[in-house]
Amino acid sequence: MFPDNEPRDLWLQRFRLDGMVLAAFVYGIYFLLSIQASIVVRRSRRSSRLGKWKARLLYLYIIATLLLSTLGFACNARYTEDIWINMAHKGTPEDLIEYELDFWWNRVAMASDFVMIWVMYLLLLYRCFVIWNYYVGVVVGLVVVYLGVIGLSIAVMHCAQLKAVFINIKAEVAFLALSCIFNLLYTILISIRLLTVRKRVIDALGSAHAKSYTSLMAILVESAALYFVFGVVFVFAFGFKSKVQNLVFLEHSNIQVGLFEFGAQESNAHDAR
């Protein structure tokens, strides 16, 4: 037990512990979404709406992101146990939370989250390029932003390797902001393309045949908007070094990947109808 005269930041401890509980909840949802995605791919493959190689790549994507998510969650859960039980004799919970990057499993958790985001963005790039028929301006613009996201995440991991205090890593704020920009650009580009096709369909066949494009755009915007709002909150919380960032950091990447996977499943279900 800590001495009564020792200052303790109980709110920091509460946010960190509650963040882990939320992370477990979000991971469970993401696990179920991954299973549903596999079922959707299998049904699409059986109905011949999806080619063999494309189905295999989608299976690989689902398995890879799920394994990376599981690795990150397991490392975070292990360190949560360390903070209050295994390493309680090495320092206060506040110190262990602040200097979490001194331990390799926390760096592994961070790296797995970054790689999972790289893989997800790669799939989003492919979708956007196909919808825009590999238009040069779209390809160049999104690839530049994507490479910027990778570069900033590598910079954050380099700082983490040097055992820096996580909340003091300025590159993390830039990474989060650029991630929000990437998702915003992706959503805008897909919405513009869907609106353009919708207008052409209305002009050629009438408004009754264009409802599907409106529904698809609504699904895309809803899933992207939820993450964008969450991402902006995280950027401000991290930028101002608020304790709230401990509440949202652990589940940040799972929410991002899960929301886009949910949107993709809803789109596939709509196509099936």
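Cβ coordinates are placed from backbone N, Cα and C, and glycine is handled just like the others.
Copied over from TrEMBL:
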type: TRANSMEM; residues: 20-41; note: transmembrane segment
type: TRANSMEM; residues: 57-79; note: transmembrane segment
type: TRANSMEM; residues: 104-125; note: transmembrane segment
type: TRANSMEM; residues: 132-154; note: transmembrane segment
type: TRANSMEM; residues: 174-195; note: transmembrane segment
type: TRANSMEM; residues: 216-240; note: transmembrane segment
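When Cβ-Cβ distances below 8 Å are used as the criterion, the transmembrane segment (132-154) is approached by residues 114, 117-118, 121-122, 125, 171, 174-175, 178-179, 181-182, 185-186, 189, 193 of the same chain, each at least six residues removed from its ends. For the transmembrane segment (57-79), the residues of the chain that approach it from at least six positions outside its boundaries are 20, 23-24, 27, 30-31, 34, 37-38, 41, 50, 100, 103, 105-106, 108-110, 112-113, 115-116, 119-120, 123, 250, 253-254, 257, judged by C-beta separation under 8 angstroms.
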